[in-house]
Amino acid sequence: MASVKITESLFGITKNQNEIKKYTLSTSDGFEVALINYGATIQSIRQPDKNNQTTEITLGYDNLQGYIDDKCCFGCTIGRVTNRIKNGRFELDGVVYDLPKTDSTTKHYLHGVFNKRVWDSSTENGDTVVFKYQSPDGEGGFPGRVNVTVKYTLTSDHRLILDFRGTTTKPTPINMTNHVYLNLAGDASGSVLDHQLMVPAKNFIVLDEELIPTGEIASVENTPYDFRTSTRIGDRINESFDGFDMMFIVDGDGKRSFGKLLHEQSGRAITIESTQKGLQFYTGNFLDGVKGRNGAIYNKHGALCLETQNYSDSVNNQPLFPSIILDPDEEYHQQ
């Protein structure tokens, strides 16, 4: 059985003199995950292929400045609320809250500010990195002071467990995820259109032309979104918008299968389990020649994201959507 170890190093120093630490979790048989406390970010995942050749399989940067300037959310923790909120506005308990309009159209809220914050960090049990952040009341336009913790645990059999927790002083929306970009062929290998994806979802959330939910939930049957059997992404991508940027609804409660991503040529695969409600599937549609680590250039469809989360725009009275409001007597917990 492989063993796990953690090594710690200095990744950089911010202009406010905050030290950014890098934690590398590795198994004795060659699997490696690197994390930084800027944005509680997955900075790197290196995985052997079927010929035992180890390659970087996530998009990212070599240095701290890359993450400070980053507009793609490579590998970071997203919050308080991931995904889009229509018109950057919601009402809670009779109060209207206005949020920054940060999506590509500058009409809607997208993702939040946790990815641009320095988190407190520590290690535990020899296999876990713990990131903590206190979000002040009003940060990013949201009510309540929120304390959040994200734990990353690597097991000897190559499971990476992400554990999200949060508490609040006032009722507030919270819906967190990790935004890692994956390319199982290697981060500089080109498009992910030859990857095969399986997601056990019978339904998806219908979006308008600005990627905002209409409130309708539809069957994947006879649509480009039917991935209930393993399907080559490139065979479906031209039937979608300009690539995929949509949410599957994965039925059930508790931790359950959310699917599998496979790259046959390398033999690499990732299986996903989650306690969440949905899976956001994004094929890097807005990558436009981003310069990444080791001089790699990341172009459109050069990676994909599989983000487990609650439904997009749930705060705007979508009657079929689960609530994402956290009350002061509750704990947010997803894995």
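In case you wondered, yes, glycine gets a Cβ from its N, Cα and C as well.
Worth saying up front: this structure is predicted, and the values here are computed from it rather than measured.
Annotated in TrEMBL:
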BINDING   Asn83, Arg84, His179, Val180, Tyr181, Asp245  beta-D-galactose binding site
ACT_SITE  His179  active site, proton donor
ACT_SITE  Glu307  active site, proton acceptor
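Here the features listed in TrEMBL are painted onto the structure.
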residue: Asn83; record: beta-D-galactose binding site; Cβ neighbours (10 Å): 28
residue: Arg84; record: beta-D-galactose binding site; Cβ neighbours (10 Å): 23
residue: His179; record: beta-D-galactose binding site; Cβ neighbours (10 Å): 22
residue: Val180; record: beta-D-galactose binding site; Cβ neighbours (10 Å): 25
residue: Tyr181; record: beta-D-galactose binding site; Cβ neighbours (10 Å): 27
residue: Asp245; record: beta-D-galactose binding site; Cβ neighbours (10 Å): 19
residue: Glu307; record: active site, proton acceptor; Cβ neighbours (10 Å): 22
Rounding to the nearest whole angstrom, report the longest C-alpha distance spanning Asn83, Arg84, His179, Val180, Tyr181, Asp245, listed for beta-D-galactose. 18
How long is the line from the C-alpha of Tyr181 (beta-D-galactose binding site) to the C-alpha of Glu307 (active site, proton acceptor), rounded to the nearest angstrom? 10
Quick check: of the binding-site residues listed here (Asn83, Arg84, His179, Asp245), which one has the Cα closest to that of Glu307 (active site, proton acceptor)? His179
